[in-house]
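Student: The structure follows.
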Ligand SMILES: Nc1nc2c(c(=O)[nH]1)N[C@@H](CNc1ccc(C(=O)N[C@@H](CCC(=O)N[C@@H](CCC(=O)N[C@@H](CCC(=O)O)C(=O)O)C(=O)O)C(=O)O)cc1)CN2
Ligand code: MET
Ligand SMILES: [Zn+2]
């Protein structure tokens with residue numbers, strides 16, 4: 001029986017990739033040293049898979065920035081604003097596409113969420129003038145040759161053509177589907193080049209887990225028809241949800257291999273797959289960190305193995321392991337009892353091969369037994385079920401889900417209190433997390449400096465941020481979040497029911513990583529979490545400083561969440577903890593409170609039929625966290641990293657007084673939604689793309705604001721960046737915000753005589 005994973009994390013167990021790429025960007029390392037690191041990381045991944053006992057290694061999942069971007073390059077899909085000749089090497093071109101080119105003043109490609117995950121891919125652009133053809137050299141071929149030269153049995157992996165085309169953006173008149181033919185040809189050429197060196201070629205087609213339109217289905221048929229010479233070797237991987245009815249489409253392509261995500265789909269679907277096909281059973285969860293209940297997994301797959309035969313079944317992870325940390329062994333501070341419950345990528349590879357050995361020769365042994373015991377211990381642990389917390393969630397009332405007055409009345413009260421000008425300016429929360437700030441935090445964590453020294457340093461940083469904002473002339477200030485390693489992890493460290501890792505890094509985009517905390521028990525608040533910092537910041541200035549919290553849905557989505565109670569209940573537990581924090585902030589005289597919910601959109605189920613259920617509890621959780629606030633308290637929220645057009649009505653239902661929302665990178669595409677739906681509350685569509693080192697000009701931001709004013713009333717419009725500034729440098733932030741404030745002033749002159 002073949003065993004494989006859909007993909008393995010590429011960042012390295014100690015984030016070697018991040019360090020190498022950032023050194024290259026800074027000019028501190030040359031290309032060959034970067035490529036050496038790349039090779040070592042690929043070799044590490046293959047060796048790990050092989051040593052764990054997997055029969056195939058997966059090749060092509062490595063990328064220096066993003067694998068979708070690499071595929072765009074392989075297909076020669078380079079937007080015309082970039083000129084290939086301007087860059088010494090494809091690597092430099094790909095970094096410029098991803099990050100924008102500051103010297104030449106060329107904006108980056110857009111970046112957005114990969115399905116319902118916290119991973120971001122670079123959005124390929126389809127221009128009227130684009131012509132898709134396979135590049136002479138592709139990174140995937142290089143990787144396959146390297147793996148072959150090291151003697152591995154190779155399964156190559158590629159973003160599937162339908163998924164690729166579906167996720168690209170049309171920038172002109174030409175519809176995406178008109179590219180299907182060229183895409184099919186390019187893939188066919190690539191497949192013939194790869195086929196001699198691979199046992200399998202995996203096409204990752206998670207788009208099959210979504211509702212497909214009829215043009216999409218036609219495109220599928222026409223593209224896969226062009227790949228018919230290679231059907232014997234193709235393994236189409238559907239993951240992140242049930243393939244459902246799309247199984248017919250998948251089967252019609254005639255491909256021999258079919259991978260399904262059995263953590264998100266029942267086994268019934270397997271009976272629809274003819275017995276001449278090879279089925280890859282994705283039973284080890286690639287999206288979570290819980291140790292697999294191997295006995296349960298064996299029960300699921302045994303009948304299928306018996307029916308189809310060992311030579312026609314493969315065992316696999318549900319999806320790529322890109323979404324989980326690499327090695328549990330590197331965790332030194334997790335309590336032992338929790339560590340027993342977990343498996344990271346390396347451990348998941350071992351689970352897979354143990355499961356295969358169990359199925360082929362009945363092996364059980366100590367590992368098998370300890371997996372069973374761990375599952376049982378977890379079920380019975382006292383922190384997992386706290387009656388007081390369960391009761392509070394059970395007794396939530398409808399009244400707790402609504403503010404006491406409607407928006408119009410609140411707005412008048414708030415305006416009286418705050419006295420803000422037309423087109424108020426603000427930022428999203430974080431200011432640059434300088435290397436120095438991180439160093440100080442690292443020293444505090446290592447016990448090298450005292451808590452007092454740490455706090456004094458952070459207060460100094462807050463004061464500096466307040467003075468900077470006053471000098472810039474911003475209207476609603478923030479404290480800058482220097483004390484937060486991450487907006488989710490920070491709160492997770494303070495909330496019982498959560499635990500955090502020391503090295504559990506997962507790639508978020510490019511070189512940016514996060515350490516998703518783990519929700520293992522009932523979550524509740526044991527002490528105030530932000531009061532000390534926010535009240536200090538407010539004491540320094542007469543302008544309002546926003547209290548800054550991370551919302552319940554984001555706290556849940558950006559964590560590894562327990563699988564034993566409904567997500568809704570976990571969200572409500574967190575919401576109640578936040579509700580108490582909001583009350584404390586108010587009691588301390590804070591009049592503006594922002595509750596960030598950037599992850600609401602990515603939590604949306606991939607199938608429309610499930611949207612309503614999710615959006616109902618997600619918006620209720622936000623309202624539970626925020627609605628305890630008095631009507632005169634201004635509640636803000638913030639969203640980014642996704643397309644929000646299709647859920648704008650639900651966003652309105654959050655009933656936040658003000659929302660700041662990402663819009664600049666997609667040139668205010670968001671505003672299309674306002675033609676069909678009049679957004680009722682105040683809103684600041686971002687005018688400054690914080691993911692690029694480029695400094696936006698006054699004129700550019702002014703133009704975006706004018707565009708916004710076509711659908712948003714002047715009294716409703718706020719002026720702010722797309723997201724927080726933590727990844728930027730002060731040298732970029734200062735001029736950018738100066739320009740942003742100036743753009744707002746220009747508008748005020750026009751609409752209000754400059755008041
Ligand atoms: N959880 C989460 N998900 C999210 C986002 C988010 O903000 N949080 N935003 C979106 C993604 N955007 C992101 C933006 C920035 C970073 C980011 O800056 N990540 C940092 C790590 C942030 C962090 O946790 N920093 C820690 C640890 C820092 C660190 O690396 N320390 C050094 C030691 C420092 C020293 O001694 O010099 C080390 O371990 O090597 C801290 O500040 O304390 C990075 O990759 O560089 C991540 C995601 C969507 N998903
Ligand atoms: C990813 S959303 C970020 C919101 C947070 N308040 C920040 O400014 O960093
Ligand atoms: Zn954001």
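Cβ coordinates are placed from backbone N, Cα and C, and glycine is handled just like the others.
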Student: According to TrEMBL, 428, 429, 430, 481 bind L-homocysteine; identify which of 293, 311, 584, 596 is listed for that same site.
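Tutor: Among the candidates, TrEMBL records only 596 at this L-homocysteine site.
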Student: Report the candidate from 463, 468, 602 that shares the 5-methyltetrahydropteroyltri-L-glutamate site with 15, 16, 17, 18, 113, 118, 512, 513, 558, as recorded in TrEMBL.
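Tutor: Only hit among 463, 468, 602 in TrEMBL's 5-methyltetrahydropteroyltri-L-glutamate site, alongside 15, 16, 17, 18, 113, 118, 512, 513, 558: 602.
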Student: Which one is it: of the binding-site residues 113, 512, 662, whose Cα lies the shortest distance from the Cα of residue 429 (L-homocysteine binding site)?
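Tutor: Nearest listed residue in space: 662.
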Student: Would you mind listing, in sequence order, the residues at least six apart from residue 428 (L-homocysteine binding site) in the same chain with a Cβ closer than 8 Å to its Cβ?
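Tutor: Sequence-distant Cβ neighbours: 478, 596, 638, 640, 660, 690, 720, 721, 722, 723, 724, 725.
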Student: For residue 723 (Zn(2+) 1 binding site), list the number of other Cβ atoms lying within 10 Å of its Cβ atom.
Tutor: 27
Student: Sorry to bug you, but what's the C-alpha spacing from residue 662 (Zn(2+) binding site) to residue 481 (L-homocysteine binding site), rounded to the closest Å?
Tutor: 19
Student: Which of the three DSSP states, helix, strand or coil, fits residue 430 (L-homocysteine binding site)?
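Tutor: SS state of residue 430 (L-homocysteine binding site) = strand.
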Student: Other residues with Cβ within 8 Å of the Cβ centroid of 638, 640, 723 at the Zn(2+) 1 site?
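Tutor: Here the non-site neighbours turn out to be 428, 596, 598, 639, 641, 660, 661, 662, 686, 722, 724.
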Student: For a quick check of understanding: given the listed L-methionine-binding residues 428, 429, 430, 481, 596, what is the maximum Cα-Cα distance in angstrom, as an integer?
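Tutor: Largest Cα to Cα distance for the L-methionine-binding set is 13 Å.
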Student: What other residues of this chain sit with their CB within 8 A of the center of the CB atoms of 428, 429, 430, 481, 596, the recorded L-homocysteine site?
Tutor: 427, 478, 487, 548, 594, 638, 723, 724, 726
